[in-house]
Amino acid sequence: MALTHNLGFPRIGTRRELKFALEDYWKPKTTADDLLNTAKHLRQQNWQTQADLDYAPVGDFSLYDHVLDMSFTLGHLPERVQGLKGSELDHYFRVARGRSPADCGCGIAAGEMTKWFDTNYHYIVPEVSEDTAFSLNNQRLLDQIAEARSAGVSPKPVIIGPVTYLWLCKAREGDDRLQLLERLLPVYGQLLDQLADLGVDWVQVDEPVLVTELDADWKAALETAYHALKGSRSKLLLTTYFGTLAENLQQACNLPVAGLHIDAVRGKQDVQAVVDWLPPHKVLSLGVIDGRNIWKTDLNGLLEWLTPVHDKLGDRLWLAPSCSLIHVPVDLALESDLDPEIRSWLAFATQKLDELRVLKSALNEGTDAVAGPLADNARAIASRRASGRVNNPDIRQQVQAITPELGQRKSPYSIRANKQAQHLKLPRYPTTTIGSFPQTTDIRKSRLAYRKQEISREHYVTTMKTEIERAIREQEKLGLDVLVHGEAERNDMVEYFGEQLEGYIFTRFGWVQSYGSRCVKPPILYGDIHRPGPMTVEWIAYARSLTDKPLKGMLTGPVTILNWSFVRDDQPRRDTAFQLALAIRQEVLDLEAAGVNIIQIDEAALREGLPLRRSQWQDYLDWAIDAFRITANGVKDTTQIHTHMCYSEFNDIIEDIARMDADVITIETSRSAMELLDVFEAFRYPNEIGPGVYDIHSPNIPSRDQIVSLMSKAAERVPAERLWVNPDCGLKTRQWEEVIPALENMVAAARELREAAG
Ligand SMILES: Nc1nc2c(c(=O)[nH]1)N[C@@H](CNc1ccc(C(=O)N[C@@H](CCC(=O)N[C@@H](CCC(=O)N[C@@H](CCC(=O)O)C(=O)O)C(=O)O)C(=O)O)cc1)CN2
Ligand SMILES: [Zn+2]
């Protein structure tokens, strides 16, 4: 008898109930009780959806971030929030956002955010130093176990394992993370004791570090940790996901735990070896349903492959999605407007659990028991494979015809830089922004009204143009040097392009959490990509017509579009990237022809798309950088190409960043006090750089002195004549009331720096 379980369910709600509850609480429009009630209701709903699984996850729900929750569970908060007044909830949001409703405006630095492995989910990085201490604070998990039981599910608490937890931490100086293991393990021991006291059968202990290349210290830490925890009276399910175990396979099989979960989608090649190696008393959970994509599983094909594994393992076989389902939208049932043919190819979180049920019945009772669902599934899989809408021979031909010259600029950077300087006549320390200005409620309401056909296209266009004009006038007033149109017309920097490219469809409610209350609706790339016409020119040319100042046109690059979409799994990602590159290249050339001589091509997701294993980095970087170059490098010497990346560390890939050959790159640096620039200095990065001078994710306003001090640090590392002054990232999540004073200070800081430089 195979069992089924789930690793985690989306917590945002089918209609983003959690997002709205959080934002109302922060305003503050509602009370903590209101927020906690919504959260409780969402957990109940999620358990209902998962009630017939043999085990449902508990503790996967989070008000903001599950890593931050784990930090609280371990009594591990940054020093700067310790001792402040307020409830635990106040503390929680202080760490997450730099303030809580109780703080009346006086903020502290928010915890740093970074990407969760290779996903578009961002977690709050736990901060450690040699003084870090831990103490158990397990009430959240204990309460939720009780809640889950009264909801009628069999709870399987989910925690981040001690080694992965430390791996996610950042040490302020040096790297002494592993020295903390000894202090951390007793707290995990107590935690597991408390769960066992509640009669918990299984605990899911996430150790996704096992899919990365680990050096000897980290491998030893895994041994130490699981030998220390082996007395646990609850059984431990050591849980890995997002890739193959590869050289860690034997260790993963042999750690002293009761079961192992592996990603049987990305790590399918590991399965046979794991079945052979796993000691006979252990459970093997196979993550056979893709938790990172929205395509239906080929259940018939899978069953053929699974049946012998089931014959061998019997009761020891568990089935699950490959990873937590927080990376996919909640429920396809809401998508009544989707093209019915393509819709029949899709499965969201709720449907993925249905797939698990079918698999379980087929294995335990025989395929006849689920003949209907299996036949439906076979039809959907066949329909997608045979559909004439997926492949377009012309586009395949154009990709075939790509030559290296397509990615080559006419002259080297030094020549271009001179021509651009003559043309643009920018001052030293030029100021600019990253593209978006506040996405106000009015903008969003107007877009909603347009979508519902309550207002005409004309009306919508006029409203957006008014917003663009507002952004231009505000920038002129602020005295910024290079203006942007502000991106009012874009719902999102990726979805907007998906909506306009053929080969894509998009959803109404396909929300996926990106961080905290912020969600994205990744568009679905199902077929060959074609650009029917210009996508941004009307808006940017309008902005161009409004001002005499230099204006920067704004596009999203092919790699970022790829990494933040749900993409086809029937061709290599590289091929899809090149198709996107050809489409965006056309847009770049159209913008240039419309008189836009500064063009930014955002590649915010280029770095996060790096494979989790270093051995696969170069292959990815080779095609990803080529795709960027194809997009960017068809322009004249006098056209200045910018690119932007957020939360990026460049130490290991600086050569590739340089190979992009953008005239200007803007990056995130403010939270790391310009340390990120060390590598640009060491490498003697030749082109211009705009190191972000303030963190846009926090509502706090940076002071002029802070900015001057950060830029002075930058000027120690990079020659001043190659420095730009700009925020970390786009300003769309901020309010105008926050943006204006912040940018005033930024412009004042740039003036001070110019004067000081003489
Ligand atoms: N794809 C992507 N990934 C990214 C980023 C990014 O910008 N895009 N940035 C980084 C950080 N991540 C972020 C992710 C999302 C948001 C964000 O602001 N998301 C918005 C939604 C953006 C959106 O799609 N807006 C739509 C829909 C807006 C909406 O909610 N409309 C309401 C009605 C309007 C209202 O009453 O407010 C509705 O449909 O019900 C629009 O503008 O049209 C949000 O969560 O609030 C910001 C940063 C990394 N990853
Ligand atoms: Zn950014």
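Easy rule for this one: first residue shown is 1, then count along the chain.
Just so it is clear, glycine is given a Cβ too, placed from its N, Cα and C backbone atoms.
What TrEMBL annotates here:
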DOMAIN    4-312  domain 'Cobalamin-independent methionine synthase MetE N-terminal'
BINDING   Arg16, Glu17, Leu18, Lys19, Lys115, Asn120, Arg518, Cys519, Trp564, Glu608  5-methyltetrahydropteroyltri-L-glutamate binding site
DOMAIN    430-751  domain 'Cobalamin-independent methionine synthase MetE C-terminal/archaeal'
BINDING   Ile434, Gly435, Ser436, Glu487, Asp602  L-methionine binding site
BINDING   Ile434, Gly435, Ser436, Glu487, Asp602  L-homocysteine binding site
BINDING   His644, Cys646, Glu668, Cys729  Zn(2+) 1 binding site
BINDING   His644, Cys646, Glu668, Cys729  Zn(2+) binding site
ACT_SITE  His697  active site, proton donor
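Residues from the recorded positions list (Leu18, Lys115, Cys646, Glu668, His697, Cys729) with a C-beta closer than 6 Å to any atom of ligand 2: Cys646, Cys729. Considering only the recorded positions Ile434, Gly435, Asp602, His697, the residue whose Cα is spatially closest to the Cα of Lys115 (5-methyltetrahydropteroyltri-L-glutamate binding site) is His697. For the domain 'Cobalamin-independent methionine synthase MetE N-terminal' (4-312), the model's pLDDT averages out at 95.
Comparing Ser436 (L-methionine binding site) with Trp564 (5-methyltetrahydropteroyltri-L-glutamate binding site), their Cα atoms are 18 Å apart once rounded. Not one of the binding-site residues listed as Arg16, Leu18, Lys115, Ile434, Glu487 brings a Cβ under 6 Å of any atom of ligand 1. Within the set of binding-site residues (Lys115, His644), the lowest number of other Cβ atoms found within 10 Å of a Cβ is recorded at Lys115. Straight-line distance linking the Cα atoms of the residue listed as 'active site, proton donor' and Gly435 (L-methionine binding site), rounded to a whole number, equals 15 Å. With respect to Ile434 (L-methionine binding site), the closest of these binding-site residues in Cα terms is Cys729, chosen from Leu18, Arg518, Trp564, Cys646, Cys729. Separation of the C-alpha atoms of Gly435 (L-methionine binding site) and Glu668 (Zn(2+) 1 binding site): 14 Å, rounded to the nearest whole number. Secondary structure at Lys115 (5-methyltetrahydropteroyltri-L-glutamate binding site), as computed by DSSP, is strand.
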